[in-house]
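Student: Before we start, here is the structure in question, set down as structure tokens.
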Amino acid sequence: MREELKGIFASVFGEKEGLRFFFAPGRVNLIGEHTDYNGGHVFPCALTMGTYAAVAERNDGLVRMYSDNFRNAGIKECSLDDIRYQKEDDWANYPKGVIYEFQQRGYAVPHGFDIVFSGNIPNGAGLSSSASIELLMGVVLQSYFHPEVDALELVKMAQHAENHFIGVNCGIMDQFAIGMGKKHHAMLLNCDTLDYEYSKLNVSGLALVIANTNKKRTLADSSYNTRRQECNDALLDLKKGLDIAALGDIKPSDFDAHSSLIQNETNRRRAKHAVYENHRAIKTAHMFKENNIDEIGQLMKESHLSLKDDYEVTCPELDELVFAAWDHEGVIGSRMTGAGFGGCTISIVKDEFVDDFIQKVGDRYQEKTGLRADFYVADIGEGARELKGE
């Protein structure tokens, strides 16, 4: 990848000495969807696919950025003394937001740089290409200027940038999984306390297969922020009878006993999903430790149905992919992953059935929707970092 990045960099900015190389992964969430901003648990892992960068220092205050994934957009430029969100900068607002966040927290960025990005995360697939770019930019600034900033602070800064600079009310899961990822491990993360534990995925004989619906979706334009508000409204109702700070504080049995406090029926269903999905995420992490694969498959099924019926963030394309997967003999479990409204599914498939799964599920999906799905056999990798000798 280094040689490829060098070539792109030279063609865009000319050849420069002292190039440094960085990588930030994408992420996939095995279970625990739309729980992160509800103070619940998630169970994500970092992928080996992600975003790469080649960086050269400048001796002025100019930052020049180019993405090989958005070639037609050309070079995006900004000055370090005037970092602002500009709609026409599109993808470049994500790294700009992280630069701005460093500056706002008193971490000086003394000079600019030229940077080339190149990613192999499908854009809009729900595998967190945006958070990948944010953490990548964070690691660049950390490595060049502020080694005292630890990984957890980088994660928080990237999330804050997306919330306040980009204007997407995301939880912390994406940035956390990408910043703190560990090879061959998922992490059970409490999104309220940020307590976490790594869980080695004993998936011998099994493969994680990501399927991209290729249904166009953009998170900021979807109903994401609406769902967040509905959950907040439900929480306010529940607080009238329960001493809780977040939906993630409630056990399913307590929710069932007090759900009538929630006046609005739609909000009640949203909250039910958040409470039960939090329980499913915790249980799934335990099931991986016990190697209880069949129970994991059942929990994934329950998760998808809850996202479909109670949270209403699936779509016909996601449902078709998941239903086709459930009908395949080699599948342990399958569900939508990510924010929904399009994007990807994650399936646990027996190794010997992977090729047949991709063929048959892909054919059935195309027949039902007219769209061709893309499939990726996922490898679980390390978090965002500078590539030194890799």
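All positions are counted from 1 along the displayed chain.
Yeah, the Cβs are placed from backbone N, Cα and C, and that goes for glycine too.
Quick caveat, the model's predicted, so the values are computed rather than measured.
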Student: Which of these, Tyr224, Tyr365, Tyr376, does Swiss-Prot say binds substrate at the same site as Glu33, His34, Thr35, Asp36?
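Tutor: So, going by the record in Swiss-Prot, that would be Tyr224.
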Student: Of the residues named as substrate binders, Glu33, His34, Thr35, Asp36, Tyr224, how far apart in Å are the Cα atoms of the most distant pair?
Tutor: 13
Student: By CA-CA distance, flag whichever of Thr35, Glu162, Asp174 among the recorded positions is nearest to Ser128 (ATP binding site).
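Tutor: Looking at Cα distances from Ser128 (ATP binding site), the smallest one goes to Asp174.
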Student: Between the binding-site residues Ser128, Ser130, where is the Cβ count within 10 Å the lowest?
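Tutor: Least crowded of the binding-site residues Ser128, Ser130, by Cβ count within 10 Å, is Ser130.
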Student: Can you grab the distance from Glu162 (Mg(2+) binding site) over to Ser130 (ATP binding site)? Cα atoms, rounded to a whole Å.
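Tutor: Answer for this pair: 9 Å between alpha carbons.
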Student: Measuring Cα to Cα, how many Å separate Glu33 (substrate binding site) from Ala125 (ATP binding site)?
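Tutor: Answer for this pair: 15 Å between alpha carbons.
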Student: For Ala125 (ATP binding site), which residues in the same chain are close in space, meaning a Cβ under 8 Å from its Cβ, but six or more apart along the sequence?
Tutor: Asn212, Gly338, Gly343, Cys344
Student: For Ser130 (ATP binding site), which of the listed recorded positions (His34, Thr35, Asp36, Asp174) have their CA atom within 10 A of its CA?
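Tutor: Checking each Cα against Ser130 (ATP binding site), the hits are Asp174.
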